Amino acid sequence: MALLLCFVLLCGVVDFARSLSITTPEEMIEKAKGETAYLPCKFTLSPEDQGPLDIEWLISPADNQKVDQVIILYSGDKIYDDYYPDLKGRVHFTSNDLKSGDASINVTNLQLSDIGTYQCKVKKAPGVANKKIHLVVLVKPSGARCYVDGSEEIGSDFKIKCEPKEGSLPLQYEWQKLSDSQKMPTSWLAEMTSSVISVKNASSEYSGTYSCTVRNRVGSDQCLLRLNVVPPSNKAGLIAGAIIGTLLALALIGLIIFCCRKKRREEKYEKEVHHDIREDVPPPKSRTSTARSYIGSNHSSLGSMSPSNMEGYSKTQYNQVPSEDFERTPQSPTLPPAKVAAPNLSRMGAIPVMIPAQSKDGSIV
């Protein structure tokens, strides 16, 4: 009885071993962004597996918020690869003959969104097998920059830093001195694997060229730093120069303002003078015409008077023209009425006329 039971169990083990199986073990694959990931899935068939061959790849996204999605399928001797939009056109079977036992795929141009668990399922009735692969996409360190944070002067404290523009954690750093003795200062040894080295009481011996290499599991990058520790600068001279420069700038600004204001005053004065000139006022007559009209009026008045009646008049200064003639419109001089004697009036043809007079009491005389 015991021998029969052992024979049955042995036959079951042999039959299980001969069924469909995937020979590639489960694993985790790490690749850099932009590279191609090879996901292996090799299988063997047993003589009992007589059904149609179906191969299916699925993805379980890393955020665990989405259900498993089919990314590529082989069924009925046809390939279907347009199930998952994020991987459309980037996932392919590596073998042209999947019946040979190779269901491996390539995922090209890897992105961070491709991180997740991929599952390979092979079916050939009555055999069924599956295997999982964990894919991790990392970003290579790139754009590393080395620089000094602080003043590179003797006796001062500053920091030298190494910073990559991008790169997946964890990151490792390594500092080296490339010039002179190529030996790092003793006080820096504890920080040679850090992104920042703190420099205390700097000396000229620290001057030189340094390199920083930053790396992770998928790549590395490097930057160089030229450190030049110099004596302290003359800050008093710099301050004095800054003050003098400021004063000169203020003086220049003041001069510009003064010139602008002066020009405005001149323009304003010219406008006022221009507005004071009236076009509707005729210009004053010349001195010659004024003097001639004055002399002519005197001659006409005096021509009808006898010499005896001219005693009360002073001789007019014809050579002097009043200054007021230049300031106002010339006017004919007003002369007192001439007194003519009765004999002269008779000779001139005058006719005597009797004019009644009125006495003080109102009677006419």
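Counting begins at 1 with the first residue displayed.
Just so it is clear, glycine is given a Cβ too, placed from its N, Cα and C backbone atoms.
Recorded disulfide link (Swiss-Prot): Cys120 to Cys41, out of the candidates Cys41, Cys212, Cys223.
Between Cys212 and the candidates Cys6, Cys11, Cys162, Swiss-Prot records the disulphide bond with Cys162. Within the list Asn201, Asn344, the entry that Swiss-Prot describes as N-linked glycosylation site is Asn201. Between the listed ranges 138-143, 174-179, 360-365, Swiss-Prot ties the annotation motif 'PDZ-binding' to 360-365. Swiss-Prot records phosphoserine for one of Ser95, Ser156, Ser293, Ser323, namely Ser323. Long-range neighbours of Cys120 (disulfide bond) (same chain, six or more residues apart, CB within less than 8 Å of its CB): Ile22, Leu39, Cys41, Ile55, Glu56, Trp57, Ala103, Asn130, Lys131, Lys132, Ile133. Sequence-distant neighbours of Cys162 (disulfide bond) (same chain, 6+ residues apart, CB-CB distance under 8 A): Ala144, Arg145, Cys146, Tyr173, Trp175, Ser195, Val196, Cys212, Val214, Cys223. A strand conformation is recorded for Cys162 (disulfide bond) in the three-state DSSP classification.
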